[in-house]
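Colleague: Once you've had a glance at the structure underneath, I'll fire off some questions.
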Amino acid sequence: MAHTRTFTSRNRSVSLSNPSFSIDGFDNSTVTLGYTGPLRTQRIRPPLVQMSGPIHSTRRTEPLFSPSPQESPDSSSTVDVPPEDDFVFKNANLLRSGQLGMCNDPYCTTCPSYYNRQAAQLHTSRVSASRFRTVLYGDARGWAKRFASSVRRCLPGIMNPHSKFVQVWTRVLAFSSLVAIFIDPLFFFLLLIQQDNKCIAIDWRATKVLVSLRSITDLIFFINILLQFRLAYVAPESRIVGAGQLVDHPRKIARHYFRGKFLLDMFIVFPIPQIMILRIIPLHLGTRREESEKQILRATVLFQYIPKLYRLLPLLAGQTSTGFIFESAWANFVINLLTFMLAGHAVGSCWYLSALQRVKKCMLNAWNISADERRNLIDCARGSYASKSQRDLWRDNASVNACFQENGYTYGIYLKAVNLTNESSFFTRFSYSLYWGFQQISTLAGNLSPSYSVGEVFFTMGIIGLGLLLFARLIGNMHNFLQSLDRRRMEMMLRKRDVEQWMSHRRLPEDIRKRVREVERYTWAATRGVNEELLFENMPDDLQRDIRRHLFKFLKKVRIFSLMDESVLDSIRERLKQRTYIRSSTVLHHRGLVEKMVFIVRGEMESIGEDGSVLPLSEGDVCGEELLTWCLSSINPDGTRIKMPPKGLVSNRNVRCVTNVEAFSLSVADLEDVTSLFSRFLRSHRVQGAIRYESPYWRLRAAMQIQVAWRYRKRQLQRLNTAHSNSNR
């Protein structure tokens, strides 16, 4: 039997007619891949040839379905998988990054909620498609694609600023930056004076430690610079309306970072202190050029110090897009105190280096010798270049020794640091300088008397200005912190003042004023000044329901509501209003309208009937429960309302407070709504029996009716006995 077949080449062809996978964000259209062709190079395709018998290989191939005119020849022989650059997803680069692109901030309002659901799925689909295409196309450029793909796998994807990795890295960066800020001024203490030889030396042991630590912090900061090119950001123009939109395109991220803080970060990470202390200063130690180099060292350290503070403090205060680190009021106080200490550290370090320069200047002017001889004597590392006799003359020179005395030179504010420069202990030099800087900032340089040196005068003025700025900021933040702790008390005092002014304006009598003060005081103590209704407004319904169930647990203890369904209780809880009553307050009046049900939470009441009978009420009891029966009597079994007397329910008792009472009330209107919604349940015999049997009001009423019936029966028996005795006579 003849079969119609298609000639195929030696290269195996693949025929795909499967619908393309669909992920949320793609178009939902089904793409059918029914085109058959060679997997490598293609040639001219002849028309279909029909033949019988086995299939023989041919030189040309023909597709089963002709491609559309809009399709290119290459597109007909490839698997239709969207390339990375033309991805149709919004924020597709974040989704491709897997875990790095997921948002781990539960309070985020920027990242769409579908990120965490689709990142892993999209990442897997892309990798499988890429591998399929690499296997499918084993042409000459396959090795380059495989190499690029392997390199791409080693690099991190575009990272979400709210991902867990970025949050952890932010904490590492903050700690590293804090260490770097603390380390930078310590480079000033690496220079010291050996008093025995009257020369300047470098503490190489401490230098190795500081250079290593500074290099580690620079490496961490440099890694952070590289990560900034892979960190998505919120477009500033998108914050005008809405919560903002994440930008995850690599080129846009790089362009945004280059235009932003890239140059500042590169200046921060540049190892200027290491270069100065290891290369430049040792070459010119003991010369007059060293003075300018020390000035450069001081300037570069301070110029790097300020940008580091500019980058670190917002990071610690949580004002960055990478998440919060410290969020409490105590942390804010610690940050301000830390800023104060770092400023004192910088001031003390500059003071030490300036004192060292002043001592060196004194030694340079002490002995009139050549520059090379002076350098060999002042630089301890070049001491071997000077003769022994010359070194002895240098050590015993009176002018040189006078440089280390109080009256030997005009030191001004650096007088106490002269002998400090001779200390061999690095920690001693650092700790005393830190104490001096902290003391001067705290006292605003009140005990300093500078000399006529211009640099010394400006340094003192800078200390005063810095102290004023930091002290004002610290005091202001401490005041705000302490004020926030005492805010409730201030609100209570303002409320009390407003109430007093209102009572004075209305000219209330003194007895009413006293009662108003007691009510305000007890209400504030019961509620702690918090309006619970305002708090509930912005909460979801299920959370409100759970909170009310926790707060109103007493409803389950109330005898009337012990048999009610949870839905009825939830409806009642939604309508409860908090009330407070002071001692001797009257809740219900005799022959007055019963306008509410009162649920006692704390305190005691007493119910006085018409006959003078007293029924005590305490925590868990209810007064005004007759409203429930009255409202049920106005509802038909089908839920419709019948016409009731407009006067309402009249109370036949007095209810007053024996102590201060905290309670919740349910108004008549709210109770009518509940009874109309759940009339079928509330009219059941079980609930009606519980209401009548368990209610203190109905029990008192039943007892009174029993007493009336018993007395009536007793009178009837007396009449019968009297009539019987009269008949016997």
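Cβ coordinates come from backbone N, Cα and C, glycine included.
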Colleague: Taking the topological domains recorded in Swiss-Prot, do K208 and H249 share a side of the membrane?
Modeller: no
Colleague: Apart from its near flanks, which chain residues at least 6 from the ends of the transmembrane segment (209-229) lie with a Cβ under 8 angstroms of it?
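Modeller: Counting only partners 6 or more residues beyond its ends, the transmembrane segment (209-229) has Cβ contacts under 8 Å with 156, 159, 169, 172-173, 176-177, 179-180, 183-184, 186-187, 190, 250, 253-254, 257, 262, 265-266, 268-269, 271, 273-274, 277-278.
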Colleague: Give the nonlocal contacts of the transmembrane segment (262-282) in its own chain as ranges (CB under 8 Å, at least six residues past its ends).
Modeller: 184, 187, 190-191, 202, 207, 211, 214-215, 218, 221-222, 224-225, 228, 290, 293-294, 296-297, 300-301, 303-304, 307-308, 310-311, 381
